[in-house]
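Annotation comment: Swiss-Prot describes 45-77 as repeat 'HAT 1'. Taken from Swiss-Prot, the feature repeat 'HAT 2' covers 79-111. Residues or ranges marked as repeat 'HAT 3' in Swiss-Prot: 113-145. Residues annotated as repeat 'HAT 4' in Swiss-Prot: 147-178. Residues or ranges marked as repeat 'HAT 5' by Swiss-Prot: 180-211. Annotation source Swiss-Prot lists repeat 'HAT 6' at 213-247. According to Swiss-Prot, the feature repeat 'HAT 7' maps to 251-283. According to Swiss-Prot, the feature repeat 'HAT 8' maps to 300-332. The repeat 'HAT 9' annotation in Swiss-Prot covers 337-369. Annotation source Swiss-Prot lists repeat 'HAT 11' at 451-483. Under the heading repeat 'HAT 12', Swiss-Prot lists 525-557. Residues annotated as repeat 'HAT 13' in Swiss-Prot: 629-661.
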């Protein structure tokens, strides 16, 4: 019988199928070897062999506690509890601190209902490892499940005598609550709060008394807690927040019992005991808001805050945040003291340093608030001007630094009061004493609003003298003249900034400014001037491929001189119609000239990568604007990629080189001029 050969399709197995099969095989659990034991002799032989294996392994690695547990479990399965106990005991001699070993040993005794053995074992466990909570809980659960209440209570008492963590105490409390032994719970809490005197412990006791006790018990617990906190405050066990939490809880509980006088007295005593605790004061205010008179509450709050702020400021006169809050309070609650407070603020908080820092800035903001208050609330212009003069002449050290905001505020104040000449003098003085860019900009903005453009030009000239390296100044000056329609001034500004001999602007800044210049000439329809600027743009960009491409695209999108004349003629003939510029073959030709010029430039520089970039751009250009013949012509000019090897520092390395078809054509010998003339004469004779 002929056998069929499997086809390639039949034998093909994908990697995915292989992985799936392996995964499925891995998922299948390997079954343990089944041993059939037929008689007692075979059982003895099996037990002997397994014991030999366990003993041999434990001789090699006696610290493997898991193996000890498995060995003991094997003996338990063989119903040989005597051997199992022996193994557990041997394991405990190796490592008595291994908790799972104790648990398995105890569970083994419990499973065979050897309660006394288990109890003795648990006694040993908690004696050997008294700080392991798990062993205590195991013992307690067993005894409580057997309903041995007294044993459980004695165990808890013994455990808590070691001052364990809060979980042990909480468990003891929960146990006594389950037994409804309320006095026992109180006795536990009396020891609990000594071992763990945290505020949370006291509050737990209070919650217990609220639920299971009476008013007197609850009040006594609160009182005991307050006394304890007061007597042990030097130990710094409790934070201000915890103290306030306890007092607030006590006071609100008294209020719930309608003992409002007790609550108020409690707050007063607590504040006297902890005068720096702001949370207590806040709690008192909250209490008064609920149970006090409105007017008394507001006055109490205001005076209390005033005293607090004055205390803070007497300790640190440079706390400007507190000065602001203090001024807010005085203006709202004590308006008659506001002027005196302002004077005190600007005198006491004046910085001593002669360097501009955050402290000086915040101090000046106090002055600004004072000045704004005088103008808006008092409407006293004379006093306001005096404050400005005082601030400028006596406060700010202009030889070291100044604040432009103050000069500009003063100038705007004078303009609002129709004193423009003095405002100009003030800003001129600011520029003369300590010139700053912000002062110049503010001065320019004011003069622009006043439409004094000649003055604006003079300020810009001073500004440029002060900071000639700031590109933004040149740009804004040019935009100003452009908006005013003075084209010659715009060109003059750009020309001075872009002068080849000037070094105050970086090359990057000049490139940005030159782009603005090109945009300006383009919008002015001075396309030839823009093209000349593009030549400078190429130079500043070090004739990068991108700059050549931008130049070529500019040639496409802008009309030539002849096209401008034609457009003007058409516009004159069709006055009512808008004539739009359309890209013609002439524009495409100018763009191709730029591309070709770039190719020649990179060819002469032997920059093959740059040359390739230009060809790729030309290819994209022809796909948009060219014919199929143009596109094929460009594709034929693309280089052939060749991998070469060169020796670099004694090591051969592979690099990519480009062979351009144009270079190959240039290397071919050109036909003789005489032969070309002869061929041409022969063609003419044939005609």
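Yeah, the Cβs are placed from backbone N, Cα and C, and that goes for glycine too.
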Per the Cβ filter (under 8 Å) with a sequence gap of at least 6 from its ends, the repeat 'HAT 11' (451-483) is approached by 424, 431, 435, 437, 440, 443-444, 489-490, 493-494, 497, 504-506, 509, 512-513, 516-517, 520
Across the repeat 'HAT 3' (113-145), the model's average pLDDT, rounded to a whole number, is 90
Based on DSSP, tally up the residues of the repeat 'HAT 3' (113-145) by helix, strand and coil. 27 helix, 0 strand, 6 coil
Residues of the same chain, at least six outside the repeat 'HAT 9' (337-369), with any C-beta under 8 angstroms of its C-beta? 313, 317-318, 320, 323-324, 326-327, 330-331, 387, 391, 395-397, 400-401, 403, 405-406, 409
